[in-house]
Each structure stands twice: as C-alpha cells, then as structure tokens.
Amino acid sequence: METDELNEDVLPMTNAFKLLCEDFTPEHNKKEVEKQRQTAKNIKNELENAKSDLKIEYKNLDFWTQHDIKHPLHHLQKAISATTSSVTDFKWVKPSKISISEISATKKLQIFVEIPSELFGNRDYLNLTYPAKRAHFLCFAAKFLAGKFEKIEFMAGGINRDDPIFPDLIVGGVRIGFYTSELAKTKRFVPSIGNLRPVTVFGENLFKGEFWPNFGRISKFQTHPTALLALHLLQSVLEHRHLNLEFSPVVLTARIVRLIKNGQITEKQEILTVLRVIFKDFISWSADVEYLDVNDEQMEDDVEEEYSQHFDVNLIWRHLNIASRISKNQMARMKKELATCYPLLGQVYTFDPIFIDKSPVFAQYDHVARLQINVAQLTPLLGEFGCDSVDNRDVICQFLRSLEHRIEQTMSERYEFLGIHEILDPAHATWKLGEYASQQRQKTFLVGFRSTSAWKNPLTVGPSAQTNEAKEFRTLWKDTSELRKFADTRICECVVWNEKPSDKVPRAILQFVLQKMFHLPATCLSWRSLTSSSNSSEADRAHEKKSQEAVFQAFTDLSMLLRGLKGIPLMITNVHGVSGYIRGSEPAYPSVFAAATSSGKDSGERRRHVVPEAGKIPLYSPAVTVHIKLEYSGKWGNDVEAIRRLTSSLYVKLKNVVYSLFQIAEKLRSEHKLCAVPTIDQLFVLKSGIVFKIVVVNDRILSILEENVQKLKDSGASRIESSIQGMRLAMWKKKFIAEPLLQMSLQSFATSHKFFGSTVQLFKKWLGAKMLSGHLNDHIIELLVVAAISKRGAVEPQSTWSSFSRLLDLIATHPWSARPLFVDFGLKSWSEEERSKLEEKFVKMRPILPPMVVIHEEDHQGMKFTRENPSGIVLNRLVAVAKDALKLVEKQTTGEKSIDLETSLLTENLSPYDAVIHLEPPAVVRKKALLERRPIPENPKFQPKIPVVELDPVDELVYQLNNNFHAVAMFFYNKYGGHNIGVMFKPQEEEVPAKISRCSLHKSISDTVLRLNRAEILENIQIMGEGVVADVELKKA
C-alpha cells in the first residue's frame, strides 16, 4: 500500500490523547521490581562463585538424569551423536561475563551469561554441537541454582523466544540467556550458504530488543523515550490483532531504530507525530530488500535477488534477515489493519479501539478452517523441505511456508489475505528441569481467509491455451484442467469445481492442495462455519435469499405503480419502504408470501379479504410496511380525526384506481393482478404474492399536534412531555420521522454490506433461542449489528461468520453502564467535539438513562428505542449469554471435532425460569412450514384475496401477560418457533408489606406480610391464554 492513499486530514496533538498514551504504559510494582533485582544479583553471585569438577563427553545427554535434570536436546540424541568437535569434553568454566539488563518498557530483568569460547571448537556452529554444549552449560547452571531459588524451569529461547533448540532458564521469574562470542561469519546467513539460527552468531545482542551493537552499547531509546512509548503502543496494536508472533519485538525494534537512524524520528517529536511516522513506515514497507542501517555495506545484486526469491520480506542486518518469518499475507494484513487505524490517530475516542480492544482471532477472518499436522504425515515430503530442518518444529514450519505458497498459487484471486495461527498449548512454552521438552510431533493451526467477491467462483480460470503458462497450469493442477471458451472468445485452461457459485468450492480447492500436492489425508483439514454444509442448510440459505429478492422486486414494482397513479385527488410524491423484509433483516418464518386463500361463496365474491376458518389459526402472513407522502394541499382542515377519515376515503379511491389500473394493464400483460383492501389507517395491497401495508404520512397532522403542544405551553402548563398532546406528538415524530430516517440509513448500509441481513436474521434467531425476543427493539438489534461491522479502528468483516462473532464480542465487552454505544454508518463520523459533548451529557444524565444507551444520527440521547427495553436484568442476561456463545464459537474453531454451530447457538434453555408456559402447537405460527409457500400462480379466472396478516397469538399473549403481570413477573419467549414462555418472578415481590394496594396477586401470611401468590398468577395465565396455552408448569415453588 502506498502512503499517498492514506487520509492526511489528521488531527493536531491534544493533551487528552497525550495523557491516554502516557497512561497506557504499564504500571510497575516497585516491590516486585526490587525483588527481581535482588534475585538477579543473587543468581549472578551464585554463578560467578560456582565450581565443579565434573567432566563429561558432550554427546552424553543422559548424564544429567542422575542429577534430576533432563538435557533439553535429549530428543536429538541421534543427530548429536553424529556430530564432531575438536573439543569433545565439556566441563564447567566460570562464565566470561554475566550482565544484568532491564527492559525499559516492562522493567523486567534479564541475565545474560557468556559461555567461555574455550569450550567450543572452531566449527561447532555448523551442526548441533553448539546447541548441545550450550544446553550442557544450562544444566550446570540449573544444578548450581536448584534448591536455592524458587521454581526453576526451561523456556524456549532464540531470537523470537520460541526456539526449544536454544532454551533459556527461568529462575524466580528472571530469564537467564546463555550465549558465546561470535563463532561464524555473518555471511553464513545468505540462503545459499547455510541456515544458521541467529542465536548462534549474535548471542546476547539479539536478545536485547533495545540494544543493537551496530548502534553502540547505549540504547537508542534512552535518548528517545517517546519512540519507546510508541513501540509499546505498536506492540499492543499488533498483539490485539494477533500479528505479534510474526511482527516480533525484534522486528518492531529494528524498524523503529532504523527510523531513528534515518532522522525520521527525533528526540523532540510528540508521541502523535512519532506514531504517524511509524504507522506510515509500516504501511509503506516495501517488498524490496531493505537494510536496517542505510550506512551498512550493500550486498551484491545477485545476493539481493537470492534473498528476494527465498523470503517474502527482507530487512537485512549483517546478512541476517530479521523479517524472515513474515509472509506476504501477514504483511498484507498488517498494512490493512494499520491503514484502517492511521486516519484515526490522535482521536481520543478511537484510542481504545486501536490500542486496547482485543477481538478473538476467529473474528478476524471471514472463513476459517482447522488444520492438524503430524510429523509422521510429512515423512514422504522431507526430501522437499526437510534438509534444513533440525527438529519437528522446523519440519512443520517449512511445510507451512510451502503450503501458503501453494494456496497462493491455486486460489489467490479468492482471498485478500490469509493467516495461519498455531493453536498454542501454554504447556509447551516451559517445562520442568526433570522433564523432557515436548517434541511437538503434532500441531494444530487455524487457517483464516479474508474473502473477495470471487470466493465462491465455480471456476479457476488459468492462462490462454497453447502457451507455456498453460502447460505450467496443467502441471500444477495435475492435469485436471480443461479448455473453456468464454463470451469474449477467449479459450483458457480452467478447473471446474461446481455448476454454480458455492462455499464448497474453496473447500474443495484446499482439500485438493493438501491431498494431491502434499499427499495428506482429508481428515487433517476441517472447515469451521456457523452453519453445516448439508443440503438442507444450503436450501434454507437459498430460500432466505430468494425471499429477500422477491420482496425487493415486488416493492420496486409497487413503488413504480404508486408513483404513476392517475386520477387520485393528490399525487404520490414519495414511496418509502420501512420494513426489515425489504433489506432481508427479518427471518421469513414461515414465508414472506401470503397464505393461499380461496374465494368461496360464503366469503362474498366482491370482498377482497378472507378470515380464517373457525377454530383454526393460520400460519403467519407478514405485511411489508410502506410509507407514502402526497403532494401539498391546504384543504385538510385542522382536526386530526377528520384528516384520518379523509385519508381513509383516499385509501378507497386509491384502491379503486389501483384496481382499474390493473384492468388496463391486464390488456397488455395478462399476468398482473392486484387486490387492495382499505382501512381507516392503512391500505393493504397484494402484489406478487406479498402483502404490503401502505400508510399515508400526512405532515399536516404534525403541524396540528405541534400547535396543540404550543397552546399548552402558552397556557403555562407544566410537564408537557407527559401530557396527552405531548405524548401524541412524541409518538408521531418517532413513528413517522425518526424511524423512517433510521430505516433509510439501515437500508443504505444493508445495500453496501451484503451480509448485513443474514447477520441480523441470525442475531434475531439467537435472541429468540435465548428467550429474549421482544426485549430488544428491532431497530436496536440492527443498530448493534451496524456497530459491530463498522467499528472504527477495525477492518470491516466480509461474511456473516466474522460479523456475528464481532457482534457477540461487542455485546460481551462493551461497558454498558459506563459508556454509550456510538453507531456510525460510515457516511458522517462524529467529530471529537460532538462526541465529547454527547459523552458529557451521558455522564450527567446517567441516573435517569436506561441501562442500554445507543447513540446514532437520529437519536443523540440514545434512548428513543431503549427507554423501555432492555431492563438491567435483561441486559446482564444478554451479556452473559453472549459470553457463553463466544466460548461456543471458540470451541467450534479450535475444538477437535466440528459441531453444528448454528444448531448449538439456537438451543433453548428453560432451567433459569421459575415457571414455564407450554403453548399449543397450532398457536405457534412463526415456524418453518412443511411445504414451501409460493406466490399464487396468475389465473384470470381466479381472484386472490388478502388473508389475515400479522396475526401472531403468541405475540399477543406475551403483550397481555406483560400488561397484566409486569409488576410481579417477567416473561421470556422465542418469537421464531418457540413452544414455551419462561416466567421469572421478581424477587422483590416475593414478600411485601401488607397494604391494600399490594393485595393483588399476593396472599396474606401474617398481619404485616403478603407473599406472592404464584398459583393464582399461573391460574390466571391459564385462563387468559385459553386456546393458546396448553399448560403451565411451576418449576421453582
């Protein structure tokens, strides 16, 4: 990425941002630091005064077992036995030097012990002789320190602290590193010459992230404290985005030291300036060979070319490529993440999302798979990449590098970047002195992809036929390709994976790579997703997609008809769909299409609607709400009720016009047929099998309501907001101004984010499964999804998987009681000043604000849609189930066996409730139908009729239960096919003082105390729900 693509409209440095940065530096426990310092001094004294007459042959790795110590390289006994050295005997010699160093950023102490060079031969560095002798020296040190210090362990060492071939000692929390002076020329790092581990050559210097010998013994950061703080912040950014293993402290330090040496970072620069310099440098990191110090002697062109061919990224210091572990994909992801954060640097309210907030690794990718590799499976491939490998870890690392290259060759057009993350076992990082280090014969990895629009492409298109590239393509694909002719007359090599786009295509490609190119079993790879790959799951997703397309097309056609109507008193100027069905955010249970009806004589041939048969409850038929506006007229009058009736007559007129329009259109297109039913407040129209509810939004009503409120104010009345006029005005504004404007923003967001609708649907179904339907407003549900997707400082997801994972993380981690949630649709962001004022207002009003406050462009107080729900108890419940769901998603991602995650997420749990209301099965009308409901075929002899729409007995029952029993109980249910309603009695109502006003739903147990009468409440519920309620079960007496 080029830096000229970055947004340079940056903010100036503020004291608030500076304080946030300074406060980010971790506080150090002075007592703990002093304790470590004393421990380090004691260790140094013990090692300096240690003496031993033991002399051993360096190949004898079993010697230390008699001292209850296991040689760390015991598993490499065979390889070490095959080595040679001019110094075969090994003994304890006083260290040449012992130094204690402090890491400025963390205040942690490290001890560096230099092993005398007399113990090594001139060529010991060429094989495992040096590591074996170094480990012997560790064992000597461990023997001297054992019993004198608490907890002594081995820990993986090396340049990135992950190399078990060069372990360190951890004594009382202090790391002890062992090294010797340079044994080899640095040119042996050139790929064609050798594969020396950096620790072999550079010893102490590479361990000290702040000390680079080429720049002097004094740390550059001692004179650049701001650069040190910036390094600490950068480490946090990459760590929270799971990039810290590749971009290790050594790499970050080297890059920042390079900026200091080049003069791009100076001593007097502010922290914000330094951060921008560093971020820009990392974003513009070139693929060319770069040098840590521009003053270093440059390598020959052919040597540079060798580095470029062997490594994806090159940052050279004395022939050592410090960035050798960074791949193209990791570099691309790092640049994407930092480029997203760069424009936000300096903003106070984006500091947490950039530097502090951490999301799970599986939420960083759109598609993930679990890869399990055993070294035994790689045995046939050792000839390809095993020659440079010392142990199992090396073999697997070489395999992963080769695998990533093959994936890039076969499916690079399908993803923007991929990541391979080891599912780490903390036990492998350290091990006890009396135990052998884990050989790690088997490792498990998470393979994640950020997908592109070509992810599901059923074809892998290769080069044109009859070219050299075509031959290479056929060889790569093991002659499975075939020739295909395209519409532009091109004839290309292609691999055909499926007849149509499918998520199964990339899965098949990756399996092909593993099985055909690496000869690995199919069982080593397991794709992990929200839904199973079964035919029924794909059919459900296809049904949801078709439903949304059908609603959108029908709405488009109806909108054109309404705008073109002639012969009505006032022309229609605006048609606005305000239903979640249009943007695909409402589950189509059982269908978006109206239930089929018959035009029996008993219902009247002229009537356009039918009622259900007696004793039968029809499955749910939705109505898609549409708001229309009419051209201005001054003849409406000044009475709201009169305007309603005039509007009703307009509905009748509109109905007649629509019907007559159909008669005209029928002559041209015989397949069209419309049915319209007017009521006093809306007009129901059946279009393409879908019922639309058309509502006229008359601005004259708003003017009248505002005039009535103004009259109250002029009369000196108080509490206008709680008056009838004030509440009617607030309700009208919310329903016909705030909600439509919000719906427009949501519709726009859904159009630009194709996975938005499916994520909202899954969220609603998940809320239902957790019995929380109705406790969150539908608008709030969609706003939460928008907030998760468009979170500032994070790369936007591209799939339902990553969107839902981030949504769960947002719900589980946001401090709801301390801060409001800001929702940014991406069109216009809040300025720092605006957000500061809103935050201040939130703090002042917090005691009277609802538990959940969601601020967006149409609601600066954040309580329009959360004033009533969710309550504090429900919000706490929501956070708890979100945390549980995150654990379930993590188990699905990293667990040994794949599960049907969607089914697991949507499992109900009735155990928390005091009582359960069991519903009659026919009363549950929002459920999947056995037969797919389709629009009625066009037939000139058959006139379809509008069925009863939006009839949900369970919804109505829950409304009545809350209306009658809200003082003593809370009710929880699943809107989408749930057969139970959970009842939770309020604990504060269990026993109350004996008062006349509290006698309802309570019974007397003494002259002064009333107890909640649960039996009476449940009996009332049974009576109230006759025909809907099957029975009521009291679980907790």
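Placement of Cβ uses the backbone N, Cα and C atoms for every residue, glycine included.
Bear in mind that the values here come from a model prediction, so they are computed numbers and not experimental data.
Features reported for this protein in TrEMBL:
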{"type": "COILED", "residues": "30-60", "note": "coiled coil"}
{"type": "DOMAIN", "residues": "110-174", "note": "domain 'Nrap protein'"}
{"type": "DOMAIN", "residues": "230-358", "note": "domain 'Nrap protein'"}
{"type": "DOMAIN", "residues": "362-518", "note": "domain 'Nrap protein'"}
{"type": "DOMAIN", "residues": "535-750", "note": "domain 'Nrap protein'"}
{"type": "DOMAIN", "residues": "753-903", "note": "domain 'Nrap protein'"}
{"type": "DOMAIN", "residues": "910-1031", "note": "domain 'Nrap protein'"}
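Below 8 angstroms of C-beta separation, residues 80-81, 83, 85, 87-92, 94-95, 98, 100, 107-109, 111, 113, 129, 132-133, 136, 140-141, 143-145, 148-149, 171-174, 176 of the same chain, each at least six residues beyond the ends of the coiled coil (30-60), sit close to that stretch. DSSP assignment over the domain 'Nrap protein' (110-174) gives 23 helix, 23 strand, 19 coil.
Taken as a whole, the domain 'Nrap protein' (362-518) shows an average pLDDT of 86 in this prediction. Across the domain 'Nrap protein' (910-1031), DSSP helix (H, G, I), strand (E, B) and coil residues number 33 helix, 30 strand, 59 coil.
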